[in-house]
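Feature list (source: Swiss-Prot):
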| type | residues | note |
| --- | --- | --- |
| BINDING | 80, 81, 82, 83, 102 | substrate binding site |
| BINDING | 103 | divalent metal cation binding site |
């Protein structure tokens with residue numbers, strides 16, 4: 001069972017003050033069946049193109065969280081039901097999107113955490129453009145590959161180190 005993000009914040013106030021632990025801006029909504037998730041970050045930077053998102057989710061997730069910096073675009077969705085199912089089937093703990101998702105009923109049926117800014121019915125482009133395994137700027141914090149992501153109904157936390165057993 002995952003420790004609630006609020007409890008992690010309370011237990012690590014010194015690391016919050018130093019910046020070793022950061023709280024993302026409270027702009028993300030939970031769309032997946034699993035509201036709480038945690039794992040090391042795998043990162044992507046894309047813009048209105050989810051080709052690399054699919055490529056990453058086709059790989060074994062090994063308990064990681066895919067962090068997608070979609071530039072905050074609200075003009076199309078970067079993750080939908082098919083990609084959430086792919087994430088679930090391949091062992092990803094969660095997907096955190098600085099952008100939109102779609103197929104919200106399908107997302108709610110997938111046993112994977114999905115947090116995003118909003119829902120949008122339009123699909124994205126498929127040009128396979130973007131960068132992977134780089135630091136990404138998410139609302140409220142910069143995230144490096146391998147940093148720990150903790151998400152639940154109360155928010156999203158980023159840590160340089162694992163905060164739980």
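For all residues, glycine too, the Cβ spot is worked out from N, Cα and C.
Most Cβ neighbours within 10 Å, among the binding-site residues 80, 81: 80 holds that distinction in the structure as shown. Straight-line distance linking the Cα atoms of residue 82 (substrate binding site) and residue 103 (divalent metal cation binding site), rounded to a whole number, equals 9 Å. In this structure, the C-alpha atom of residue 103 (divalent metal cation binding site) lies 5 angstrom from that of residue 80 (substrate binding site). The record assigns 80, 81, 82, 83, 102 to the substrate site; their largest pairwise CA distance measures 10 Å.
DSSP gives residue 82 (substrate binding site) a helix state. The Cβ of residue 83 (substrate binding site) has 28 other Cβ atoms within 10 Å, all protein chains considered.
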